[in-house]
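Features of the protein shown, as given by TrEMBL:
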DOMAIN    B:18-210  domain 'ABC-2 type transporter transmembrane'
TRANSMEM  B:21-45  transmembrane segment
TRANSMEM  B:51-72  transmembrane segment
TRANSMEM  B:106-126  transmembrane segment
TRANSMEM  B:132-155  transmembrane segment
TRANSMEM  B:162-182  transmembrane segment
TRANSMEM  B:218-238  transmembrane segment
Amino acid sequence: MKCYRGSTRANDGISLHVEAGEVVGLLGHNGAGKTTLINQVAGLAMPTSGTIRVSGIDPVAEPAKVRRMVSIMPQAHAPLAGVTPRQATRTLARIRGLDKQAARTRTDELIAALDIEAWADTTGEKLSGGVRRLTAFAMAAAAGPGRVVMLDEPTNDVDPVRRRLLWEQIRELANRGCAVLLVTHNVIEAERSVDRTVVMASGKVVAEGTPAQLRSRAVGEFRLELTAATDGDLPKLPDHITAAGPMMNSTRRLVVPLDSAAASPALAWAQRLRDEGHIDEFALVPVGLEDVYVQLSGDEAALEAEKGAQGEPLVA
Amino acid sequence: MNHWLRSYGLLLGWTALRSRANLVLNLVIQTCLAVGIIIGFAYLVPQVDDATALYFATGAPVLGLITVGMVIGPQEVASAKQEGIFDFNRSLPVPRTALIASDATVALLTALPGIVAALVVAALRFDLTLDISPLVIPAALLTAFTAIGLGYGIGYGMAPPVARLVSQLVVFIALMFSPITFPASRLPDWFETVHKVLPFQYMADAVRDTLNTPAGGVGLVSFAVLAAWAVVGFLVTYRMTARRP
């Protein structure tokens, strides 16, 4: 039954609530105020105004009490020089209130679940970034049930297979009655794994809801992406295909939002263009949270998301 | 109180575990430092009389403690801040005072062998007979805590690059310009006055007077001044640890 309600004006009027058993993803571009929010909730930074409650307790008035109910996995590396993942996780479990036996059991459980047994007894300086990251997660997750767990970009540096294991463990924390708030840039993963998403931009919450609710804010259901064979030679959309919203184009690339009815003719058109050599490649992808996120958080985020994955194409 | 003691115990284990890797190197360097001061200073002064020998022998462990507390200490804190370890520690569900106390305890334990090594080497080198008072234990502890507290104060109170520079300055002043290995009367008047405020002279006095008790007995002024400086250092440290930006 750990939950908190944040309504701090320090990051320009944020109001959000995380229930026990819930995983909430906090999205937003660099400098959007996500880490500050986490520090405020944990009583490490003061809000200039507003109220925060962690299970009814005010971190501004009683920071020490709140720290005992909150686990943070920081964005920076956890201090692992000279200690092994097993030692670090076990010690943190004890510091977070578990007795010796429970700490041992929980540590073994996390190490097995994250599949890092091979490095469990290797000291920190010899570990790869991904294993250090997973260890940092274990250090935050090694605690009794029913806490507030805040994870700052937990999946960075982690390989795709273990990333899935990590998401499972994040879900498991919620199942154990924790309220989980996580900061991430990985919109596609978050879409699959969180209950609710909060999008922040410039210190403000610009959207909040389940991934499905947020997706419904997007224009169209599909997105057709074309890459022209030569610069500046983008094809024109034929009359029988109607775009669901404004198209985006650069010198070589055209992105057309489409409703599902238009998907099939658009696919045929694109196939013909490629056969005729007008375009190099194309993709028809379902609109995802990332599209909404990009729309919401503006140009700065658009540039970043561009570098990341592009969803799962139907045809390429 | 129970929570405090439990936290202190666990943090002590955690800090010991993390500093274990550097422990041997730390001990070797401290021993070399202490030995080096005794042997090196004797080169500066070709004719070492008994009075000078006493200053060297009792000054060496003090310089060792100053190096551990006020040079290595602030540099470790500066690195901890830059690597995010400071922020991580701040987020732990433990009382801040337990965090500081456990760090200081580990620093103290790593500093102690250096004191012993310095004394042993001094006794061999200068053939001294000392009149050791039991007060040497509180004197050494207080000197160590003052150095550690002030070192943390420098490390936590200043930005990392500034803290590193200041710690260099401290060792320079302590080594060359402080009445630790020579009597204060050799200094110009104004500098002697400055040292009436700084902690260095009192560290040296406390350790020297308890290792070789003078006719008038051990003066307690040094203890009082050192305690005051230690409190200042730890207060700054506490304030910076508990600070919420």
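Every residue gets a Cβ built from N, Cα and C, even glycine.
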* Sort out for me which stretch, of B:21-45, B:106-126, B:218-238, has the most Cβ pairs below 8 angstroms to the transmembrane segment (B:51-72). => B:106-126
* Apart from its near flanks, which chain residues at least 6 from the ends of the transmembrane segment (B:21-45) lie with a Cβ under 8 angstroms of it? -> 52, 56-57, 59-61, 63-64, 67-68, 72, 110-111, 113-115, 117-118, 121-122, 125-126, 181
* Structure fact -> Comparing B:106-126, B:162-182, B:218-238 for Cβ pairs under 8 Å with the transmembrane segment (B:132-155), the winner is B:218-238
